[in-house]
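Q: Let me begin by handing over the structure; questions about it come next.
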Amino acid sequence: MAGSIPERYWGAIKMILAIESTCDETGAAVVKKKQSGNGVEVIANVTASSAEMHNKYGGIVPEVAAREQLRVIGSVIEEAMNKAGLKYENLEAIAVAYGPGLMGSLLVGVETAKTLAYVHQKKLLAVNHMQAHLLANWIDDEPKLPGVGLVVSGGHTDLVWLENMSEWFELGGTRDDAAGECFDKCARALGLPYPGGVSIERVAENAKSIGVKLPRPLKGGSGYDMSFSGLKAALLREVKSRGELDESDRAGLAKEVNEAVVESLVEKTEKAIKGKHPKSVLLAGGVAANKLLRKKIKKICDELGVEMYVPEIKYCTDNAAMIGAAAVLRPKEADVFELNPDPGLDIFG
Ligand code: KG4
Ligand code: ZN
């Protein structure tokens, strides 16, 4: 039945081992469907990040990420299984994110999951990483649908209408850079470390405005589409024209970038709430960790009488618990010999 967890599929409540390796994180989690209702319970969740290794390059180096994932994936899975106190015979299925993401990184997770499923004779469940970001909202909670979902990550920015658990429709998205990508590129231009959203937010927190106004492309335009590349280009020009940046310039520009990105996301989300009348708004993805974004959307939701949901920070950035949640909520069985990574998968795939 659309809108609820397929009980017939799961039968008695079973444990799922979930694996995430789409970008620079390597994650393993053990989750199960809650005894009653539609929520998901996390039994163990382990995440290892190679973010620091990419710092000197100002962004992710795919080859470095995949090599590190190959090195740590075995111990990350072992740690999750130990924390859950489980043996493979206790598992119902093994779930893995098969896209979108970096080909080398995806291969590490997908091949590991296929091997484990084959060796231990378990079901293999293929999970769409972007859907999983949204479904992280069902961890220890049960959002009411229909809802508007704003998925903002390093590679994607999607505004989605969730009619029920299975019928999702596109409202809009970015026409160029993703919101997280904009944060990362602007941080690099400002000489701030990766991940850019985290460092821009930190520096912006106590910053004073320096009177620079960056563009909010497509603001006030019709539809729900967004654009961030003009903002990035304007920041690059501003930085170049200033030559050496002192601390207050850097902080002031970081504050303006933070506000500009958040304003664009908030404007389109508000428009979707007013135009579509959802019961809830679901934030998701690494950028949903942003405090200004959460605060502004919460204020609008309170004013309009709509519930706002956002996962805990550790379930906003890439993690395997959300992959497990998606496997419980929208199970899609795959063949252990056939499943391949799909780097270009979109949220509706
Ligand atoms: O969802 P995620 O962990 O990985 C992808 O699937 O891409 O998102 C990573 C993105 C990065 O671009 C990072 O700069 C951004 O999320 N991010 C933030 C914050 N924390 C992470 N952006 C704004 N504010 C934050 N607090
Ligand atoms: Zn992600």
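Note: Cβ is positioned from N, Cα and C throughout, glycine not excepted.
Note that the structure is predicted; figures quoted are calculated from it, not measured.
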Q: Which residue of Asp318, Asp335 does TrEMBL report at the same Fe cation site as His129, His133?
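A: For the Fe cation site that includes His129, His133, TrEMBL also lists Asp318.
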Q: For the substrate site, TrEMBL lists Val151, Val152, Ser153, Gly154, Gly155, Asp184, Gly197, Glu201; sort out which one of Asn82, Asn90, Asn128, Asn290 goes with them.
A: Asn290
Q: Distance check, please: Cα of Gly197 (substrate binding site) against Cα of His129 (Fe cation binding site), rounded to an integer number of angstrom.
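A: Between the alpha carbons of Gly197 (substrate binding site) and His129 (Fe cation binding site) there are 20 Å.
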Q: Could you tell me the maximum Cα-Cα distance in Å between the residues recorded as binding substrate, namely Val151, Val152, Ser153, Gly154, Gly155, Asp184, Gly197, Glu201, Asn290, rounded to a whole number?
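A: Pairwise Cα check on Val151, Val152, Ser153, Gly154, Gly155, Asp184, Gly197, Glu201, Asn290 gives a maximum of 18 Å.
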Q: In sequence order, which same-chain residues at least six apart have a C-beta under 8 angstroms from His133 (Fe cation binding site)?
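A: Within the chain, His133 (Fe cation binding site) has Cβ neighbours under 8 Å at Val151, Ser153, Ala284, Gly285, Cys316, Met322.
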Q: Around Gly197 (substrate binding site), how many other CB atoms lie within 10 A of its CB?
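A: A 10 Å sphere around the Cβ of Gly197 (substrate binding site) contains 29 other Cβ atoms.
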Q: Taking 8 Å from the centroid of the Cβ atoms of His129, His133, Asp318 as the cut-off, which other residues in that chain fall inside it around the Fe cation site?
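A: Close Cβ neighbours, site residues excluded: Glu20, Thr22, Cys23, Ala97, Met130, Ala132, Ser153, Gly285, Asn319, Met322, Ile323.
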